Amino acid sequence: MTSNTGGLDIRVVGGGVIGLTSAIALAEDGHRVRVLSRDAADGTTSAVAGGLCWPYRIQPYERAVEWSVRSFQVLTALAERPAETGARMVTGTMTATTGGGADDGLAAWYDAVPGLRRARAEELPEGCAWGWRARTPLVDMPTHLRYLEQRLAAAGGTLERRGVSSLEEAGEAADMVVNCSGLGARDLVPDPEVHPVQGQLVVVENPGIEEWSVSADAGATDTTYLLPQPFGLVLGGTARENAWSREPDPAVAAAIVARAAQRFPQLARARVLAHKVGLRPARPAVRLTAERLPGGMPCVHNYGHGGAGVTVAWGCADEVLRMVREVQEGRGPVRG
Ligand SMILES: Cc1cc2nc3c(=O)[nH]c(=O)nc-3n(C[C@H](O)[C@H](O)[C@H](O)COP(=O)(O)OP(=O)(O)OC[C@H]3O[C@@H](n4cnc5c(N)ncnc54)[C@H](O)[C@@H]3O)c2cc1C
């Protein structure tokens with residue numbers, strides 16, 4: 001995209017992966033951007049994410065795949081500097097015990113990932129009917145969030161630890177608001193369609209597993225995944241609709257380790273380094289639209305990315321930038 005001469009004063013609500021990537025896209029385009037975040041980066045859902053770039057539990061699939069393909073390109077480039085950005089290219093297998101995997105709405109994703117192929121029978125875990133082999137970005141999220149904050153600062157953007165109780169309050173003395181508040185949008189907008197899908201993970205000492213593997217049946221409550229991160233091997237997971245607790249459940253953790261140990265028996269004895277729980281900001285469809293708040297302030301909403309916020313963030317940030325440009329050029333949005 002070309003750079004922008006007469007930048008706007010923009011407040012971005014949310015300092016997770018969605019808010020930071022949106023803020024970076026805007027600041028690097030010449031806007032004066034301030035991020036307002038109630039939580040420090042390590043207290044966000046984004047910090048808990050396993051960090052695999054693959055569209056999962058997000059709607060609408062067609063748009064999500066477009067955004068994912070764009071993010072894939074950005075993260076692939078960032079993976080050239082893994083220590084700084086947290087992104088690495090890692091090979092792995094995506095499988096499921098049901099379905100055929102061909103008509104799952106992800107055809108454009110399969111076309112876009114270089115070298116992606118059907119897994120051979122001997123590459124599939126026991127009980128899995130089908131699978132894909134691919135080399136995709138795997139993102140160490142704590143490192144990545146630090147990188148995003150630094151990149152925002154380098155582009156002149158600022159970050160303030162502050163909760164806001166309305167979008168109008170966030171936009172005081174600014175030209176525009178971008179709402180990337182994730183699950184917070186439920187109260188802030190307010191939008192009752194946003195709800196949590198709780199996910200629990202166990203981080204263990206890695207006994208030498210170098211590839212990622214995911215077995216996730218559509219809509220299943222329990223999934224089995226292993227993601228080798230620099231800080232440990234991440235074992236997952238769960239997806240519990242409308243569960244609000246952020247407390248790890250010991251029984252759930254034991255079941256996660258047991259599922260992983262069915263694949264790699266040595267994991268039954270692996271030292272546990274951390275337990276994590278995060279609330280995916282789910283919505284029947286991602287809300288990525290522009291509107292005018294009741295007082296007339298233009299607002300771009302970018303929330304509800306469910307289980308794929310890391311995967312789609314850069315594609316959504318491009319959309320935010322496009323909508324902000326439309327506002328700047330007087331092409332919308334109309335007063336709601
Ligand atoms: C266990 C688990 C594993 C996952 N694995 C993956 C994966 O492998 N790949 C993938 O792509 N995705 C994954 N996800 C999903 C991903 O984590 C989310 O989609 C993503 O983090 C959403 O980002 P976000 O920025 O919208 O939300 P968040 O990271 O929750 O950030 C929301 C921000 O808004 C701020 N905020 C909210 N309300 C207010 C307010 N009123 N005032 C000021 N600030 C406010 C918060 O402080 C925070 O900064 C996983 C999620 C979980 C739980």
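Cβ coordinates are placed from backbone N, Cα and C, and glycine is handled just like the others.
Marked as domain 'FAD dependent oxidoreductase' by TrEMBL: 9-320.
If you look up TrEMBL, you'll see Thr45, Ser46, Val164, Gly306, Gly307, Ala308, Gly309, Val310, Thr311 marked as FAD binding site. Here the Cβ of Val164 (FAD binding site) has 21 other Cβ atoms within 10 Å, regardless of which shown protein chain they belong to.
With a cut-off of 8 Å between CB atoms and residues at least 6 apart in sequence, the same chain places Tyr56, Arg57, Ile58, Val197, Gly199, Ala239, Arg280, Ala282 near Gly307 (FAD binding site), listed in sequence order. The D-dopa binding site annotation in TrEMBL covers Tyr225, Arg280, Gly307.
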Residues close to D-dopa site centre defined by Tyr225, Arg280, Gly307, Cβ within 8 Å: Ala49, Gly50, Tyr56, Arg57, Val197, Gly199, Ala216, Thr223, Gly236, Gly237, Ala239, Gly306, Ala308
Residues Thr45, Ser46, Val164, Gly306, Gly307, Ala308, Gly309, Val310, Thr311 [recorded FAD binders]: greatest CA to CA distance in Å: 27
For Gly307 (FAD binding site): DSSP state (helix, strand, coil): helix
For Thr45 (FAD binding site): intrachain residues, at least 6 apart, with Cβ closer than 8 Å: Gly16, Gly182, Leu183, Gly278, Leu279, Arg280, Pro281, Gly309
Where the record names Tyr225, Arg280, Gly307 as binding D-dopa, the maximum Cα to Cα distance in Å: 17
Per DSSP, three-state class assigned to Tyr225 (D-dopa binding site): strand
